[in-house]
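S.K.: The structure under discussion is supplied below as structure tokens; questions concerning it will follow.
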């Protein structure tokens, strides 16, 4: 836990620093390096926060994962609203030709579609002059909004006596928390002599124990198959989230729909809005419904929605309805899949890393793939790609159910020492299973 909290502190602090530095980057190479640092920090936060929720709450983690991802969607919905007042409707550089360039901007926006890249040469924007943009304020505001996060993480480290120079000056915030007890340096040696946990419960000792080869010795093929199929489901579903939010605007403004640009701009916001709403609804639903059932409903709903979008591809109204429906069905897929896979694998935490990585790769690769296909085949291929990805997600989920049946259930000895059992205190004050 101490390693995870230090990593969260460093990553969240790095994000605030990156957002403060971005407006000061006057070179595209420097900007690329800074953005890469932000990506690494966000990846660390995504992986560690999911992994620790699974480890701490285990069978109850589905509810907390839904709450976590609700705030992810809420942030994605809120941050553009913060930036919007600082965005300019005209060119950000003043020069003698600014007036002409500003009048050309609607035409330039219309030409920014995959089929007409050559139209850009007809319009000239001034590259030199006085910069009048206020967008820097948006980055600095986001940096300040994020700053309480590393402060809160450091406070938790301080209260749990995990900061080396302050380890005797505070009372524990969570005195009965087993993970906090395990993380204290004075008790690590004592804990090593207590009840030995089985291999199935590995991954709780340190942040990198999942990478150790000893955890894979004697593992059945179903163990690896569950990891792979779970990651492939999220590869497809998170890839759909990325490609749909990224290209639904371009699809809407092209023929045959030819939606007005301002109206089409509401589609990504509608999509993220319903993802956020769906995650909020999923918090109480996950208390009553099993994660496996929720994932099944999600992947089937995505498949049906894309099928209807293809059938009613000439309807602007149904594009908005389908966008909202797709956001609802995709909203809880990630946390539900995480909870389901970890439940199969006895809450080791290792599956979380594999699944988060698979989802991130899917979000990156499928956007690139769909962008290339739209450029070559036209806007209609946007929905066809979504239909194919939805079908693949359903297929991989069916394989996951199959491998779940093949995966060996823990023995009675393992059950007695498994992380699902509540912690009890023995005579020496140590927490045991």
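Quick reminder: no glycine exception, Cβ is built from N, Cα and C everywhere.
Note that this is a predicted model, so its numbers are computed, not measured.
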S.K.: With the ranges 10-29, 30-49 to choose from, which does TrEMBL describe as transmembrane segment?
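M.R.: Checking TrEMBL against the ranges 10-29, 30-49, the transmembrane segment one is 30-49.
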S.K.: Please identify the range among 188-211, 380-403 that TrEMBL labels transmembrane segment.
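M.R.: Residues 380-403 are the ones TrEMBL records as transmembrane segment.
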S.K.: Of 137-158, 159-180, which range does TrEMBL call transmembrane segment?
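M.R.: Comparing 137-158, 159-180 with TrEMBL, transmembrane segment matches 137-158.
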S.K.: Against which stretches of its own chain does the transmembrane segment (318-340) lie, if we need a Cβ under 8 Å and a gap of at least six residues from its ends?
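M.R.: Here the qualifying positions are 50, 54, 61-62, 65-66, 68-69, 73, 230, 233-234, 237-238, 240-241, 244, 248, 252, 257, 259, 267, 270-279, 281-282, 285-286, 290-292, 294-295, 297-299, 301-302, 305-306, 308-309, 312, 351-352, 355, 359.
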S.K.: Can you name the far-off residues of the same chain, 6+ from the ends of the transmembrane segment (293-312), with a Cβ under 8 Å from a Cβ of it?
M.R.: 233, 237, 240, 282, 285-286, 318-319, 322, 325-326, 328-330, 332-333, 336-337, 340, 383-384, 386-387, 390-391, 393-394, 397
S.K.: Determine which recorded stretch among 30-49, 221-241, 263-281 has the most C-beta pairs below 8 angstroms with the transmembrane segment (61-82).
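M.R.: By the under-8 Å Cβ criterion, the transmembrane segment (61-82) pairs most with 263-281.
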S.K.: Please identify the stretch among 30-49, 137-158, 221-241, 263-281, 380-403 with the greatest number of Cβ pairs below 8 Å relative to the transmembrane segment (352-374).
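M.R.: Of the candidates 30-49, 137-158, 221-241, 263-281, 380-403, 221-241 scores highest.
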